[in-house]
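Read through the structure below, which is laid out as structure tokens, and then see the notes.
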């Protein structure tokens with residue numbers, strides 16, 4: 001008799017996705033981040049659900065409801081900090097996952113890559129709206145500054161901003177709708193993840209060499225289930241270290257002050273995972289130009305597959321491209337640092353140079369490097 005996992009309509013899907021899936025035999029730890037992102041999403045949805053049971057999305061009580069969660073709810077402090085730092089782990093995994101995709105040429109799976117970009121935008125939007133919910137100073141002013149950027153859109157800008165606000169400033173209507181969107185988006189993300197995996201399983205996984213691995217496949221279970229389990233343990237360990245020893249390490253002290261529309265904080269800045277994009281936004285003196293650069297800093301990922309002119313898929317055997325890739329990583333770290341600095345000399349100049357370098361590497365230098373490497377190999 002055939003095993004039930006191969007015949008049952010529901011179990012069959014699970015079997016083909018997680019058990020009998022043929023996977024390349026040589027994928028490294030860089031391929032762990034997909035499953036780690038899945039774990040992060042589950043952690044965020046579960047902790048978020050329990051937070052929503054005690055949170056009130058009203059300007060008068062939002063801040064105190066978060067305080068109540070931390071002080072009075074059983075293990076409320078743990079749930080709250082798991083959720084806040086879980087977002088940081090989520091973005092660390094996201095950036096590693098995207099970096100892996102760029103390094104090993106996984107972006108040639110166009111559908112998977114493009115849905116990944118949509119997922120990135122969705123997660124960023126969710127994180128932004130979640131940051132507004134505690135209704136601290138940085139929540140309020142962050143929401144004001146970022147939503148205000150839409151007013152740079154010609155003709156309809158101002159109307160659009162007031163429509164999003166639900167009034168003439170960030171207020172109760174804004175907070176309530178942000179809570180509603182913050183609650184629903186993770187489930188939309190979960191659905192998109194299914195589509196992401198559907199397209200990935202059409203082609204199968206890429207591998208470090210970038211060479212098709214059809215002749216050498218191994219079953220997902222037990223090889224990659226045990227490997228993913230190890231990744232889960234490492235991620236949970238790091239998350240717990242953060243939550244239990246320094247839960248406020250990555251947060252902003254200003255957010256422990258209740259929102260006050262009459263008092264602007266000296267330095268308005270987003271969470272660390274948005275600082276690179278914020279630095280790019282600030283490096284352009286023009287409002288509309290800055291907004292376009294901000295959007296392009298992520299949307300540029302969609303252009304990468306069309307700039308792939310190398311005869312090799314992966315960067316594994318391409319030293320010039322490798323150097324450029326790591327310069328890009330260093331550049332993003334520089335932008336992250338600049339995003340958290342005040343707008344003054346020399347930070348302005350460093351930010352502008354780093355922003356130009358960011359787009360130059362992706363749009364000009366990497367394709368050039370590929371050309372040179374092709375020439376060297378007489379291809």
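Here the Cβ of each residue, glycine as well, is placed from N, Cα and C on the backbone.
On a predicted model such as this, the values are computed, not experimentally measured, just so you know.
Looking at 8-28, 113-133, the range tied to transmembrane segment in Swiss-Prot is 113-133.
The transmembrane segment annotation in Swiss-Prot falls on one of the ranges 178-198, 199-219, 262-282, namely 178-198.
Here the candidates are the binding-site residues 83, 97, 182, and by Cα distance the one nearest residue 201 (ubiquinone binding site) turns out to be 97. Three or more CB pairs closer than 8 A are found between the transmembrane segment (33-53) and the transmembrane segment (178-198), so contact between the two stretches is assigned (pairs 6 or more residues apart). Counting in whole angstrom, residue 196 (heme b b566 binding site) lies 24 from residue 83 (heme b b562 binding site) by their C-alpha atoms. The transmembrane segment (347-367) makes no contact with the transmembrane segment (77-98): fewer than 3 of their CB pairs lie within 8 A, with pairs spaced 6 or more apart in sequence. Listed in sequence order, 48, 126, 129, 130, 133 are the same-chain residues at least 6 apart in sequence whose CB falls under 8 Å from the CB of residue 182 (heme b b562 binding site).
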